[in-house]
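As written in TrEMBL, here are the features:
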type	residues	note
TRANSMEM	37-57	transmembrane segment
TRANSMEM	69-93	transmembrane segment
TRANSMEM	114-140	transmembrane segment
TRANSMEM	160-180	transmembrane segment
TRANSMEM	192-211	transmembrane segment
TRANSMEM	231-252	transmembrane segment
TRANSMEM	264-287	transmembrane segment
TRANSMEM	307-333	transmembrane segment
TRANSMEM	362-381	transmembrane segment
TRANSMEM	387-407	transmembrane segment
TRANSMEM	419-438	transmembrane segment
TRANSMEM	444-466	transmembrane segment
Amino acid sequence: MDGVERKRTEAQRSIMKDNELKRDSSIPERVTLKKEIGLLSACAIIIGNIIGSGIFISPKGVLEHSGSVGIALVVWVLGGGVAALGSLCYAELGVTIPKSGGDYSYVTEIFGGLMGFLLLWSAVLIMYPTTLAVIALTFSNYVLQPVFPYCIPPFIATRMLSAICILFLTWVNCYSVRLATRIQDAFTVGKLLALGLIITVGLVQICGGNYESLTPQVAFTFNKAPSIGQIALAFLHASFAFSGWNFLNYVTEEVVDPRRNLPRAIYISIPLVTFVYTLTNIAYFSSMSPEELLSSNAVAVTFGEKLLGVFSTLMPISVALSTFGGINGYLFTSSRLCFSGAREGHLPSLLAMIHFKHCTPIPALLVCCTATIVILCIGETHNLINYVSFINYLSYGVTIAGLLYYRWKKPNLYRPIKVSLLVPVCYLLFWALLLGFSLHSEPLVCGVGLVIMLTGVPVYFLGVYWKDKPKCVYDFIEWATYLGQRVFFVVFPQFDPIEMAEWTDKSSFTSKASGPL
């Protein structure tokens, strides 16, 4: 009887302890990624990731390759149109395959593990760390510009400030999803206000009669008629300025009511960015001649020095704030890519774990942070960004081609959004044209980009496909995972079975992660 009473007492104590934990509001009843991204935050993620430093610093690439102001403005408008076509395709994929991870998750589901892993490998290894490093360096250069007004800021100073910025925002993202999204919201509003200032000053100039460069007779005057290849390169520059339009798809599982809010955010954000970009370029041309714009390395700063007088320092500050918000957005979304890859078994399982209290993917965030700081230390970011642009653009085309294949493979699958076939077909035709000219004009860059991606093939077969590894390998992985859990206080997330069942019933889509991992 003593033994029975002892067990009963222990059971009662265990129940009381569980109830106390449940009453503790700081610990969630179910450890899972929180749905804290509403429509406003969803728009902020898209707009904040698209509007980085490019529109402030160097729209001259479009003008240089297009050959005239008129053609440059047409390229900006059409660049937004192409981004809109791609985002419509991603809206269909996002609600048909309701998983975080964006391109990687869709390609893995449609084409299988190897294709998905190659996208994941190139993104984690070079694409996002390099982009983050370049944005962070832009941030540090503009913050340090007032300290070093007559020379370029020292190499070590820019690297250290960039690393501090990345470490700080990594901590923010580790601490709270809500805080990270609030920062994104605030800095997105700041970017739009800065661009609004440029547009307002430009409209004042136009109302004052300063629009000579925008008259049809002058705007379509060519010093040298551009070739088709040059026009294609102008579109590539515009496409780079619009990159980031697909980033909301990386955090689908954290969006409140994604079926409604994901497409709504896309429909609001892409036209808004296109409108703002076009008006910003019109404002630039209203106050600067094409020669002045082409000779400037920081168009917005030159614009401010010419028209804002004592308020010209607002432009460098605006660029710094814009890039700060861009770093936050890239960290937020790229960490979810690592999380999704680990959940599919393509990366170590530790990266699929989240903090038991804050419900943030701390291991995935730390991997993104570490890879970015390594790229910063290497220093050769300018060559890497060329390879990144090619890989990024290649992944867009493969993903949208997957939409057409998925339509043929599963014609009866429930799709809450179903775009016209003309949308993906038009995007792929334009994509193939630009990719062909890129291969023709920059064969070495494209070749190196393909090699970087294909280095993932042996890694896939050794790390993922090969199941019968030696016991010592599995023992080491288990030890490292256990150590990581103890250090970072992370566990596998649990998924709402009712929500996942609803998706399964309506879309016939099943996930490996449909229950506690």
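Cβ from N, Cα, C; glycine included.
A TrEMBL annotation is a machine prediction, not a hand-curated record.
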Quickly jot the same-chain residues contacting the transmembrane segment (387-407) by Cβ under 8 Å, restricted to those at least six beyond its ends, or write none.
86, 89-90, 92-93, 96, 103, 106-107, 110-111, 115, 119, 122-123, 126-127, 130-131, 236, 239-240, 243, 246, 413, 421, 424-425, 427-428, 431-432, 434-435, 438, 442, 445-446, 448-449, 452-453
Does the transmembrane segment (160-180) reach the transmembrane segment (69-93), going by 3 or more CB pairs under 8 Å (6 or more apart in sequence)?
no
Can you find at least 3 Cβ pairs under 8 Å between the transmembrane segment (114-140) and the transmembrane segment (444-466), where each pair is 6 or more residues apart in sequence?
yes
Is the transmembrane segment (69-93) in contact with the transmembrane segment (419-438), using three or more Cβ pairs under 8 angstroms as the rule and ignoring pairs under 6 apart in sequence?
yes
Pairs 6 or more apart in sequence, C-beta under 8 angstroms, 3 or more of them: is that satisfied by the transmembrane segment (69-93) and the transmembrane segment (264-287)?
yes
Other than its close neighbours in sequence, what residues sit by the transmembrane segment (307-333), given a CB gap under 8 Å and a spacing of at least six beyond its ends?
45, 48-49, 51-53, 56-57, 102, 128, 131-132, 135-136, 138-139, 142-143, 145-146, 165-166, 169-170, 172-173, 180-181, 183-184, 186-188, 190-191, 194, 197, 201, 205, 244, 247, 250-251, 287, 298, 300-301, 365, 368-369
Go through the chain and flag residues at least 6 beyond the ends of the transmembrane segment (37-57) whose CB is under 8 A from any CB in it; none is fine as an answer.
83, 135, 138, 177, 181, 184-185, 187-189, 191-192, 194-195, 240-245, 247-248, 251, 254-256, 261-262, 264-266, 268-270, 272-273, 276-277, 280, 297-301, 315, 318-319, 322-323, 325-326, 328-330, 332-333
Restricting to the same chain and to residues at least six past its boundaries, which positions have a Cβ under 8 Å from a Cβ of the transmembrane segment (264-287)?
39, 42-43, 45-47, 50-51, 55, 59, 69, 72-73, 76-77, 79-81, 83-84, 87-88, 90-91, 192, 195, 198-199, 201-203, 205-206, 210-211, 213-214, 241-242, 245, 248, 293, 299, 303, 306-307
